[in-house]
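Colleague: Below is the structure I would like to discuss, written out as structure tokens.
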Amino acid sequence: MSHADSPVPVKARSGNTLTGRMCPPGDKSISHRALILGLLAIGETKVRGLLEGDDVLRTAAACRALGAQVTREADGAWRIAGAGIGGLHQPEQVLDFGNAGTGSRLMMGVAGSHPVTVTFDGDASLRKRPMGRILDPLTRMGVTVVDQAEGGRVPLTLKGPRETIPIRYETPVPSAQIKSAVLLAGLNAPGTVTVVENQASRDHTERMLRLFGAQVSVEPHGEAGRLITLAGQPELRGVELTVPADPSSAAFPIVAALITPGSDIVVESVMTNPLRTGLITTLMEMGADITLTNERENGGEVVADLRVRHSALRSVEVPPERAPAMIDEYPVLAVAAAFAEGETQMRGLHELRVKESDRLQAVSDGLAAAGVAHRIEGDDLIVCGDGSAPPGGGTAQTHLDHRIAMSFLVLGLAAPGGMAVDDGAMIATSFPDFVPAMRRLGAEILEG
Ligand code: S3P
């Protein structure tokens, strides 16, 4: 990828109110999974509302390399003619996942459990992210790590066993990517695979596996955990599904409207799976005026329209157990907290250190550039506001991280000095239409 060579500076200016309706793009987690299960199914899968961001397009390319036929129809629907479990092809080239942690990690479970040899690579951000957390359970399932960059990183090469070993695995951190890699590998194992989670993480893999015809049972485990059991070697059948709008992308217009005086917007068809709505819960505790209307089902998930109006926010303490339900939303919550009155304490953020960037550090540096008082205490972030807008006016370094870029542009929409980011190119990984969509609501965002 050439993003690092050609950064796209972007600026946001304050002064405009945000009004109108918008629909965020399809959920990234669900989009990856729809393509992957389409690859592993027999017959045809049709997906509407797929996120056409770079991360997901990389997964589509990997599915093709592994034997699926993946096409985009003129009406925007995607069709996947599956290769079936056990039917993957030996890819001819390296699978380059660009910036995509989810696509690469889930696909390690898929390809690693088949008798093929596959090399995974990515951009400078992905090359820094730990893959040992996926390689550990996969090795126990019989996968050979032929080669890896120092510290268990990509580029790495996996060779699948002739027969994948079914295991019981307790995830060391609450991570849907680890859980999903094990379950997806388990699809090609003769027997039962069990994943134990001490804290529940997003459950889209379990839900979608059922939709495609797998037998998956989910039981409570301890206070907040789950025990997930999958019967291996099912015959998955292609399905038709519609991807609901991504709550992690919805987070940006939602926070923008809350902090920009006079704003009143509706964000449509947002997935309200409780394992994804930690940010909405937190914002409501902070006094946000958010109303959920028109709740309905869409693609096996519940969605709702969210009306969001500018609100006076007050600080709260966000407990560590809420982190899995809002792990990608802390950067934009930190922005909301900068406009709130009091000290917002976000606890237990260690997983933020291994995202597309070290997000704890990147948020802290961006807040400093915007003139926001804050501190990091161990794994906690404390943001101090007085209920008025912070000055803004600086430039946030995005470190190839889409969510850092969008968060600080949102801050600039309501800070008197606006805010710049050094590089907005990565926004295309998850929310390619972010700038035009925000402009349609009235935001002033300038590229270049
Ligand atoms: C994701 C899981 C989360 C999240 C990521 C998407 C998924 O990562 O941060 O953006 O689709 O499974 P972890 O599993 O590392 O928490």
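Glycine too: its Cβ is placed from the backbone N, Cα and C atoms.
Curation does not apply to TrEMBL; its annotations are automatic.
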Colleague: Say TrEMBL lists Lys28, Arg129, Gln177, Arg359, Arg403 as binding phosphoenolpyruvate: which of Gly98, Gly101, Gly213 is in the same site, per that record?
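Modeller: Candidate listed by TrEMBL for the same site: Gly101.
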Colleague: Check each of the ranges 1-23, 139-161, 277-299 against TrEMBL and return the one annotated as region 'Disordered'.
Modeller: 1-23
Colleague: Of Lys28, Arg33, Lys355, the binding-site residues given in the record, which has the fewest other CB atoms within 10 A of its CB?
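Modeller: The binding-site residues Lys28, Arg33, Lys355 were compared, and Lys355 has the fewest Cβ atoms within 10 Å.
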Colleague: Secondary structure at Ser175 (3-phosphoshikimate binding site) (DSSP, helix/strand/coil)?
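Modeller: Assignment for Ser175 (3-phosphoshikimate binding site) reads coil.
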Colleague: Can you tell me the mean pLDDT for the domain 'Enolpyruvate transferase' (14-437)?
Modeller: 98
Colleague: By a simple count of other Cβ atoms within 10 Å, which of Ser29, Ser175, Asp328, the binding-site residues in the record, is least packed?
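Modeller: Selected from the binding-site residues Ser29, Ser175, Asp328 on minimum Cβ neighbours within 10 Å: Ser175.
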Colleague: Taking the Cβ of Gln177 (3-phosphoshikimate binding site) as the centre, how many other Cβ atoms fall within a 10 Å radius?
Modeller: 24
Colleague: Across the listed 3-phosphoshikimate-binding residues, Lys28, Ser29, Arg33, Ser175, Gln177, Asp328, Lys355, what is the farthest Cα to Cα distance, given in whole Å?
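Modeller: Spelled out: the longest distance between any two Cα atoms in Lys28, Ser29, Arg33, Ser175, Gln177, Asp328, Lys355 is 19 Å.
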